[in-house]
Amino acid sequence: MEKFEGYIFTALCSTNFLVSCLLFSRITREQREPYMDEIFHVPQAQKYCHGKFNEWDPMITTLPGLYLISVGVIKPIVWLADLTGEVVCSTAMLRFVNLLFNCGNLYLLYLLICKLHLREKTRTTSRRVLSALSLSTFPVLYFFNFLYYTDAGSTFFILFTYLMTLYGCHKASAILGICSVLFRQTNIIWVAFCAGTLVAAKMDEAWRVEHTKKRDEKSPPSQVPLSFSGAKKIILFTIEFLTSPSHMKAVLLVAWPYAMVGVGFLAFVVLNDGIVVGDRMSHEACLNFPQLFYFFSFTFFFSAPVSLCYHRVLRFLQALKKQPLFFLFVTGISLLLVWKFTAVHKYLLADNRHFPFYVWNKIFQRHELVRFLLIPAYIYAGWNFLDSFKSRSLFWSLAFLACLLAATVPQKLLEFRYFIIPYLMYRLHMPLPSLPRLIMEFLLYTVVNASTIYIFITKTFHWPNSTATQRFMW
């Protein structure tokens, strides 16, 4: 990092922490007691603070990573400051741990951007710094920095895991991957993605070697051919690669630490008789394929300032004209998936404190045909998503899409928090946007954050049979 850029980024980190502390203070004053899922997380962390590691709330579905880290951070502070009484492991102090993760996420995002966009290093200081700041304020993630949820820590360890993978520190990456799984079991998918990037690199190399020998190859080997013949080529090549002992040996030589994590996770699943550790009835896996469409729509909205442009829309229309049968096939498959595989969780219909409740109520429940009428928008959002990866290699893109499917489709509940990590991965790998577009993105995130926090603080309400104050949130 250049000296001048280092000064700018340091000042930015300090300003970000100061603003976050002010917002944290206001939110904590308004909502002193645990709220929503905090009613499970806070008491459990307090049990760990008092050394009661053998007590567990059966309603908690994640592993104890958040509580262990919280105790590891808070206990030394308590000892150094000689704190006693209720302040030790209070709700506010536990929430403050996520502000530390927020600072860490900003730094990791900056390092990832620098690593992923090395070729764009000339005259991009402001773009790299603003990209990191913008992504650290990504609304769904930023809001949960002020509550005692697992999202900030989960994101921190996944970003750290991926950064170590990019630097070739695979043992350290695997250890950090274990930490991420302790925050949320589904993070094993993104640990697998880190391993998948290594496999993809080997496959890309073999693909290039094979296709540079063919003089009739018309499309660049780095692009995903959007055609039936292209899909057939990829499938046959993948089967050939995965059944080659020499290729598998080369992959295992670098990816074995991730394989060990995978084996350990499988052992946990067998011993635990499933992935969820607590309330299993409310977190059953299913094939909810429209979750992928919701994610594409979600991604299109939040990335519109940096991804939407006239030329991309024009390319989409040209693609429609050039391959009408392919897009007709995609539309037919989408209709089938929406018709047969739409799952609606009971929480989505019952809990009016979450924004997804209103998205579902105001859009999808207006008429039973709405979910089908939205398919053209899904297709464009999905095409826009894939088009952003043109600069990425063929098998890297396929590895990412496979992990995206695994992270979204089995989820029955429409919950925007589940989209945080795949969105950040998508946005990090886009070509570095221009400064005006980054400013627009940051302004969009700032407006959404300000609105969300304002609504949470001021627009309270009460349920008919309860005196507890309820608030709207992500």
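The backbone N, Cα and C atoms fix where each Cβ goes, glycine too.
All TrEMBL annotations are machine predictions without curation.
These come from TrEMBL:
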type     : residues : note
TRANSMEM : 6-25     : transmembrane segment
TRANSMEM : 60-79    : transmembrane segment
TRANSMEM : 99-118   : transmembrane segment
TRANSMEM : 130-150  : transmembrane segment
TRANSMEM : 156-183  : transmembrane segment
TRANSMEM : 250-271  : transmembrane segment
TRANSMEM : 291-313  : transmembrane segment
TRANSMEM : 325-349  : transmembrane segment
TRANSMEM : 369-386  : transmembrane segment
TRANSMEM : 393-414  : transmembrane segment
TRANSMEM : 434-457  : transmembrane segment
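Residues 186, 189-190, 192-193, 196-197, 199-201, 203-204, 207, 221-224, 234, 283-289, 291-292, 294-295, 343-345, 347-348, 356, 359-360, 386, 421-422, 425-426, 429 of the same chain lie 6+ residues outside the transmembrane segment (393-414) yet bring a C-beta within less than 8 angstroms of a C-beta in it.
Contact check: the transmembrane segment (99-118) against the transmembrane segment (291-313) gives fewer than three Cβ pairs closer than 8 Å, residues 6 or more apart, which falls short of the contact criterion. The transmembrane segment (291-313) shares the most Cβ pairs under 8 Å with 434-457, out of the stretches 60-79, 130-150, 156-183, 434-457.
Comparing 60-79, 156-183, 325-349, 369-386 for CB pairs under 8 angstroms to the transmembrane segment (250-271), the maximum falls on 156-183. Counting Cβ pairs closer than 8 Å and at least 6 residues apart in sequence, the transmembrane segment (60-79) and the transmembrane segment (434-457) reach fewer than three and form no contact. Among the stretches 156-183, 369-386, 434-457, the one making the largest number of Cβ pairs under 8 Å with the transmembrane segment (130-150) is 434-457.
Tertiary neighbourhood of the transmembrane segment (156-183): same-chain residues 62-66, 68, 101, 104-105, 108-109, 111-112, 115-116, 150, 190-191, 193-194, 197-198, 254-255, 257-258, 260-261, 264-265, 421, 424-425, selected by CB-CB distance under 8 Å and a gap of 6+ residues from either end. Listed by sequence, the residues of this chain that lie at least six past the ends of the transmembrane segment (434-457) yet keep a Cβ under 8 A from its Cβ atoms are 23, 26-27, 30-31, 126-127, 130-131, 133-134, 137-139, 142-143, 146, 302-306, 471-474.
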